[in-house]
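As written in Swiss-Prot, here are the features:
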type     : residues                                                                                : note
ACT_SITE : LYS126                                                                                  : active site, N6-AMP-lysine intermediate
BINDING  : ASP36, SER37, VAL38, TYR39, ASP40, SER85, LEU86, GLU124, ARG147, GLU184, LYS308, LYS332 : NAD(+) binding site
BINDING  : CYS426, CYS429, CYS444, CYS449                                                          : Zn(2+) binding site
DOMAIN   : 614-690                                                                                 : domain 'BRCT'
Amino acid sequence: MNSNFNQHFERIKELRALLNKANYSYYVLDSPEIDDSVYDQLYRELIEIENIHPSLITDDSPSQRLGGVPSKGFKNVEHNIPLLSLDNAFNLNEVEAWYGRISKLISSENKNIKKVYDPELICELKIDGNAISLRYENGILTRATTRGDGKTGEDITTNIRTISTIPLRLLLENPPLWVEIRGEAFMPNNIFNKLNIERKNNDQPLFANPRNSCAGTLRQLDPKIVASRKLDFFAYSLYFPENWEPTDNNFKKPISQSESLEFLKNIGFKVNTTYETTKTLNEANKYYKYWEVKKDFLAYATDGIVVKIDKFEIQNLLGATNKAPRWAIAVKYPAEEKATKLRKIIFQVGRSGAVTPVAEFESIELAGTSVNRATLHNAKRLASLDLHYEDTIIVRKAGEIIPEVIRVIKEFRKVDAKLVQLPQNCPECNSKLILESNEAITKCINYRCAAKLKGLLRHWVSKGSMNIDGLGEKIINQLVNEGYVKSIADLYKLEIDSLLELERFGEKSANNLLIEINESKNKNWHKQLYGLGIPHIGEANAKSLSNNFNSIEELNAIAKESPEKISNIYGFGNEMKDAIVKWFDDSNNQTLIKELKAIGFSLKESLDSNYNSNQSNVFDGKSFVLTGTLDSLTRDEAKELIESAGGKVSSSISKKTDFLVSGEKAGSKLNKAQELGVKIINENELKLLL
């Protein structure tokens, strides 16, 4: 048996070495050494041996990349070396001013230099992702953290293990006791676009940009979701003990940023190879201008360049402020603007009846994507632009994300061009439009408007409300267009014959949808309330209302007789109160309430609720913050309990915080709560209060 174990022990070391080398060749060098089938065979053999001998599983094994069970949350950890941000320059003149300052500073700090010193520079692309710090101990990845505030970040080690371009073990013989690697995690553009297509097909909200998508992915509690999104990583700096010297003759200790990038590549990391060393600022300016034009052809997002002093000796001489190193500066690209021709204005009608003007124009390339439309938001914005049909307009992407029309080139306007004006009638149902008192929002007030109905139905079936997955936008459009559904209540009167007449419906899928629709009648009171689509009432506000009023009848009566009780709810105000009063004043909504109750909706707190009406308001007006790992509850479960009892959960501590619920390994929030005198309780005390 020992002989068998020893054989497996040696074989497992051999397999890991082969697989790690194959990963490095494939993901970092982009030069595969073995076929996929051979890799799969080696990987399966590794898994089989690890299943036989679980004690041989180590953190650096390729089998550990996909992670295990979902995490309950992320703990805060202090950076061993502060992860500073960079000072920004927004034009080349500011870069010249920075260069002049540091040249003089170097000369004044180093007495051996008799004149103003012009240091060698290195220019790198500024990747628009998320800064990550990696700590390796004896060559093995032990911790990965986000930037956070530069001093403290979140431990996301489990998620970082899923990124194939981050080695779990360094390709370095006799590594130092510790190494810290800094770099940028990012989502490649093609992965981002594919993910958004999937989300659109599933009726999920789209991600705004690759940077935000990457940040959200890294904070996923389930590492398998992180692995599925195929994040990437560029390493750009490293720190190691001063007295360490490599024993491998193939490596030499880097003494500059350019050498450190080569070193990083050799020990297993992917680095961005677009960097250049320059002897003059003029060459750095050329690098900036080149990539300002070429950036849209890259496979990842970049929002500028970073200019650094190349030699570590000079970097150490210059040092850093509390926020940023003096030896580097980020140079941002200006927001890209392009001229194009306005083709037409369409007017979209939302579920509240608000009419939004949208400009459609000749297609242009902005920030790497094709753009041919942009929202104009409301009547006031439309008027301020003074748009005429066939105008030449300037379009940019706000924050490199959302297209917006910023101005008109009036010199190119045709003499007989017609002014773009808001329609007098709804573009969907032809009803008379009204202009709200603030003179910004134009609305259709026809309750039976098909566009409003479609929007309301999409809201009703959304995850926060009834969560009817089978009812996507296309099916809703068909149901309304064919006249099968004229109100929310009609969804619950659908028959299988009607569904079978729609596209792509068979008997099984139609039956499944009808079952799903019928089961949604059992949703909680706050979800039913949210689904009604009362303006300004989001999910959190619907929960607050359901905690204060046990039924639609009670809320209806309060709206009519004592509306001030609504505005007195914690987090509410006159705007929400007025919206609720106005909603209940509408006879169409009163009819909807009757219809929903007639088909089986309770529109009230269920009898088996965890708390009765007296208990449910125990935290009314109280603000909570959660920190650390609780004994038996996840953070989401604790948040649900607090909110269901009328409380509000915030992410940050302030003087207005009433309670900090603290668990094991509490972070900096605990210290801040103590400083501010906030009451600190544990999970058991929270349950006692409930």
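The backbone N, Cα and C atoms fix where each Cβ goes, glycine too.
Closest to CYS449 (Zn(2+) binding site) in space, going by CA atoms and restricting to the binding-site residues LEU86, ARG147, LYS308, is ARG147. Across the structure, CYS444 (Zn(2+) binding site) and LEU86 (NAD(+) binding site) place their CA atoms 49 angstrom apart. In this structure, the CA atom of CYS426 (Zn(2+) binding site) is 49 Å away from the CA atom of ARG147 (NAD(+) binding site). Other residues of the same chain near the Zn(2+) site, with their Cβ within 8 Å of the Cβ centroid of CYS426, CYS429, CYS444, CYS449, are VAL349, GLY353, ASN425, PRO427, GLU428, ASN430, SER431, LEU433, ILE445, ASN446, ALA450, ALA451, LYS452. Comparing LEU86 (NAD(+) binding site) with LYS126 (active site, N6-AMP-lysine intermediate), their Cα atoms are 11 Å apart once rounded. Between the candidate binding-site residues, VAL38, LEU86, the densest Cβ environment within 10 Å is the one around LEU86. Look at the binding-site residues CYS426, CYS444 and count other Cβ atoms within 10 Å of each Cβ; CYS426 has the fewest. The most crowded of the binding-site residues listed here (CYS429, CYS449) is CYS449, judged by how many other CB atoms sit within 10 Å of its own CB. Ranking the recorded positions LYS126, ARG147, LYS308 by the number of CB atoms within 10 A of their own CB puts LYS308 at the top. Cα to Cα, the residue listed as 'active site, N6-AMP-lysine intermediate' and LYS308 (NAD(+) binding site) are separated by 12 Å. Cα distances from CYS429 (Zn(2+) binding site) to the binding-site residues VAL38, ARG147, LYS308 are smallest for ARG147. According to DSSP, VAL38 (NAD(+) binding site) sits within a helical segment. LEU86 (NAD(+) binding site) falls outside any helix or strand according to DSSP and counts as coil. Note on the domain 'BRCT' (614-690): DSSP counts are 29 helix, 17 strand, 31 coil.
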